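Participant: Just dropping this structure here.
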Amino acid sequence: MPGWSCLVTGAGGFLGQRIVRMLVQEEELQEIRALFRTFGRKHEEELSKLQTKAKVRVLKGDILDAQCLKRACQGMSAVIHTAAAIDPLGAASRQTILDVNLKGTQLLLDACVEASVPTFIYSSSVLVAGPNSYKEIILNAHEEEHRESTWPNPYPYSKRMAEKAVLATNGRLLKNGGTLHTCALRLPFIYGEECQVTSTTVKTALKNNSIIKKNATFSIANPVYVGNAAWAHILAARSLQDPKKSPSIQGQFYYISDNTPHQSYDDLNYTLSKEWGLCLDSGWSLPLSLLYWLAFLLETVSFLLRPVYNYRPPFNRLLITVLNSVFTISYKKAQRDLGYQPLVSWEEAKQKTSEWIGTLVKQHRETLHKKSQ
């Protein structure tokens, strides 16, 4: 597929930015369009550096702006759609999450049809498949099981419906008479340098005598390193354009993980940060069943207050379930169809992430030093 081009939505985000950085290394790629709505100054500087390369074009626009999407898609060979409102807690309104994740995806699919873009890769989530209960044990989930989330919460619901829309659009006729081919990648928790969840966890711990609060003691999960998650998207874009590989990939979804050890989220946080003196809270924790029912009570209070006050609980049943479930996935189908193998080993991913956490610790200490002067 010589001379191909690619649009990446959500290019200012954690995953999207890494995909753009890796696409720059693709020798046969003629043009990369990086579409974003908002991002921090650091991300802006990095994308600006990438823009100095002839094949990177940075675009600012909204995933809900149909005309913007049509312009962004014009002349592209492929679209990698990572833009999303990632909000399991429901901090944003239900309508906002549905608009960004579902309506935005539908608008982008329509833009691909109008602009005759033949390849569409969707960044989905394992939450479209579960876990539905913290009592359920799921080990090495695979695509043939056809698991489906039953949560009504806007984030898993919107991602599930958006994935269905993407896969259902496979085979749709393009304006130029061609055919749109789609696939979806279901991603678990993504960690690595610049991960906002990890950053918040570390900064909170540093304000608490370097003690990491335990929130996910009972979980067993297999998170994926951001570099490997990005690599899977590039392989999917390549494979879906390959006449030999494409027929078996069209309309399919794939679980993506790597060789990160299966462990609790608490243990992952500790493993990545222990070099810098952070440790897990050794105090007593509430029983999981009690936490779950407390979350139910808080959700009930939020619902009853809704007509007069917008109360957002600090946690909900979905979050308690996700953070405390035994839910692991297998990426064998991605290995078979996409030729996916993790680029970055666990040891290297751990080292890179730990070094980045070290910069957060250093910044915190410098801030404390300035305040004490």
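Any Cβ shown, glycine's included, is placed from N, Cα and C.
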Participant: Quickly, which of Lys42, Lys245, Lys350 does Swiss-Prot have down as N6-acetyllysine? Just give the residue.
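Facilitator: That would be Lys350, per the N6-acetyllysine annotation in Swiss-Prot.
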Participant: C-alpha of Gly13 (NADP(+) binding site) to C-alpha of Lys159 (active site, proton donor): distance in Å?
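Facilitator: If we compare the Cα positions of Gly13 (NADP(+) binding site) and Lys159 (active site, proton donor), the gap is 17 Å.
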Participant: Can you tell me which parts of the same chain pack against the transmembrane segment (288-308), counting only residues 6+ beyond its ends and a CB-CB cutoff under 8 A?
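Facilitator: For the transmembrane segment (288-308), the nonlocal Cβ contacts are 134, 218, 314-317, 319-321, 324.
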Participant: Within 10 Å of the Cβ of Lys350 (N6-acetyllysine), how many other Cβ atoms are there?
Facilitator: 20
Participant: For Lys350 (N6-acetyllysine), identify the closest of the binding-site residues Ala11, Gly12, Leu15, judging by Cα separation.
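Facilitator: Nearest in space to Lys350 (N6-acetyllysine), counting only the binding-site residues, is Leu15.
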